[in-house]
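Database features (TrEMBL):
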REGION    1-82  region 'Disordered'
COMPBIAS  42-54  compositional bias 'Polar residues'
TRANSMEM  136-158  transmembrane segment
TRANSMEM  178-197  transmembrane segment
TRANSMEM  209-228  transmembrane segment
TRANSMEM  234-256  transmembrane segment
TRANSMEM  263-285  transmembrane segment
TRANSMEM  297-316  transmembrane segment
TRANSMEM  371-396  transmembrane segment
TRANSMEM  408-429  transmembrane segment
TRANSMEM  453-473  transmembrane segment
TRANSMEM  479-500  transmembrane segment
TRANSMEM  512-535  transmembrane segment
TRANSMEM  547-567  transmembrane segment
REGION    589-646  region 'Disordered'
COMPBIAS  589-625  compositional bias 'Basic and acidic residues'
Amino acid sequence: MTTTTGDIMAKMLDPKTQYTASQQHPPPAPPPPAQDPPASNYPLSSTDDVSSLSKPPVNEPSRHRHSSSSHSHSGTSLSSGGLEALHQDEIASIENATRLSTVQTRTSTFSSASRPPDYEVVFTSCDPENPKNWPLWYRCWIIFACSYSTWVVVLYSSSYTATVPGLMKEYHVTNQPVATLGLTTYLFGLACGCLALAPLSELYGRRPIYLVSLVMFALLILPCAMPSSLAEIIVVRFFGALFGAVMVSNSPATVVDIANPDYLALCMAVTSIAPLNGPVTGPLIGGFASQYLGFRWANWIVLILSGAAVIFMATIRETYAPAILRAKAARLRKETGDDRYWSRFDQKVSTIQLLKTNLSRPFILAATEPILWFFNTWISLVYAILYLCFVAYPIVFKEHRGWSTGQVGLAFLGMGCGTVASIVLEPFWRSIINKRTSKYDPETGRPAPEAQAYVMTIGAILTAFGQLAFSWTCLPVSIHWVVPIIFGVPFGMGNTISFIYGSNYLAGAYGLYAASALAANSFLRSVAGGVLPLAGPSMYRNLTPQIAGTILGVLEVLLIPIPIIFYRYGDRIRGRSKVIRVMREEQARDDKRRLGQSERVRKRCAEEKNEEGAHDGHGVMKTETETGEGVVVAGSRMTKKGDEAV
């Protein structure tokens, strides 16, 4: 049988396995008699997930919260199903942790009588409001829109480097590091925006935050396209990146919202192809625009691309499950006049508390966790050298080889090919991870975080090799220009592997605190990526590209032992982490609590089942009907002629 592209995409986003059937909301009825608080009355804990809205324990008769395969703990491997830039369990950990600052501070202020379980608003199996049930074509469109919009934000960071010569000539600047500050402030803005603005989607939903941020991002390009001074460009780019960071941080979460978890990693990999190539395509677009139209048009083109991004994102509905369920509960309360309809996300944490948590915890972890000391040092240096290339390549290819500004942008295609190759080869990387049987978690049977470090080591070696080989072949000009460009391929591969699997390791190691650990890593690497290019021009000119590049390559060689150490001794290092020990204790307590909840719910369901003909004072009883996906409890009203489903 021939597998078509449509078949593959249908499997990627097929919602069939996401939720078992769940009842529609019953008509208004008095609250049930006082009893043990149902599982849904407990506030979300740090281990809860949005998918748990419909996730009962194993063998538990369904009431109003039904099983979902979303974020399954079965650990299904996708090595035979396609790319897997992030393992589904690791992505689930990241998504759970992204909500951590909200769910840990959300508390329930209602009694079980005022929050009856029969009126909890959850997704049903065929609920058209459930993003996983939206049409396949629409969810594919969402993935494209998010990927495209993130690509625009990222390419604007590096396209600036192609405009530096024009800016220096226009504003009579002789100091290139001063003109390069526009790149630095942009990366600083991305770092700050990921911490300050991106988490607001937990309060207000993804769609409004996307639209407001993209509109502001586009508007802040205007002053850069019509600048009155270089200082204006430098300052405005910071605030533009501050808003653009929302796309960088939240796009992966949107993919999690809509995709089949069995193919979530594949969707994430497809989504990341464009953003990961943003730094490469930026100098290409900016170079030709600056050469033939002037440096201002490098900004006008990005503004046009941003306008398209705003239009694309305006066609996207809200995908964040808590925001959808909050709105649905409010609508039902308004339509029926019954205030008993509720969702477990009705209680919002304050904006101040959310920002306080997101701004403090990452730095606390970065300052106190030895794992992050080494990881942040390694990844930050790799990221800084990547952005240093956007300063070094023009020196090598324009000043020494005589290329035009547009042609210099073509030199980055080697790195772009390496980025794409690293994603295409993901099944190979995953097979390597799965073969590390000595690095399996005995409790879950899945690869431990240390298994990721094996591939990270390959990435570290490729990065150092590519950097050194480029440095030794970029000059003299008698060496054909294609040789250093070819060595950009392993450099791009190594960088991409290091970023992806380094994030995987932190997600697996810190679990519920992964978002904070990753935020700290993202912030510090963006700062490093903004600072080091300031020293690039003088370093490459004074030391020559060969010597300067060799020094950077040697630094990368010296950092190769970091992933090796974590591969060999990572489990011991994690065992000594105070945060990870506390996290494991919390996980054990939450597992015990959920087990107790399961027992109580099973007992109640068994009691109701044994009460033949039992019904409340208003004639509403519970009857069970079988569906193709599981047992559904449906509200029915007694009549003189028998039971009539309502």
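Placed from the backbone N, Cα and C atoms, the Cβ positions cover glycine too.
Long-range Cβ contacts of the transmembrane segment (209-228) within its own chain (Cβ-Cβ under 8 Å, at least 6 residues beyond either end) map to 149, 153, 156, 197-198, 200-201, 236-237, 239-240, 243-244, 246-247, 250, 296, 299-300, 302-303, 306-307, 309-310, 313-314, 316. In this chain, the transmembrane segment (547-567) lies out of contact with the transmembrane segment (234-256); the count of Cβ pairs under 8 Å, excluding pairs fewer than 6 apart in sequence, is fewer than 3. Sequence-distant residue pairs (6 or more apart) of the transmembrane segment (453-473) and the transmembrane segment (547-567) include at least 3 whose Cβ atoms are under 8 Å, placing the two stretches in contact. For the transmembrane segment (371-396), the residues of the chain that approach it from at least six positions outside its boundaries are 158, 161-162, 164-165, 180, 183, 187, 279, 282-283, 365, 405, 408, 411-412, 415, 460, 463, 467, 474-475, 484, 494-495, 498-499, 502, 505-506, 509, 517, 520-521, 524-533, 536-537, 540-541, 545, 548-549, 552, 555-556, 559, 562-563, 565-566, 573-574, 577, judged by C-beta separation under 8 angstroms.
Residues of the same chain lying 6 or more positions beyond the ends of the transmembrane segment (178-197) and with a Cβ under 8 Å from any Cβ of it are 156-158, 160-161, 164, 167-168, 209, 213, 230, 233-235, 237-246, 248-249, 355, 358-359, 362, 387, 390-391, 519, 522-524, 526-527, 529-531, 533-534, 536-537. Sequence-remote contacts of a segment are chain residues at least 6 beyond its ends whose Cβ falls under 8 Å from one of its Cβ atoms, and for the transmembrane segment (136-158) they are 9-10, 13-14, 183, 186-187, 190, 210, 214, 217, 221, 240-241, 244-245, 247-248, 251, 254-255, 258-259, 267, 270-275, 277-283, 285-286, 302, 305-306, 308-309, 312-313, 315-316, 319, 387, 390.
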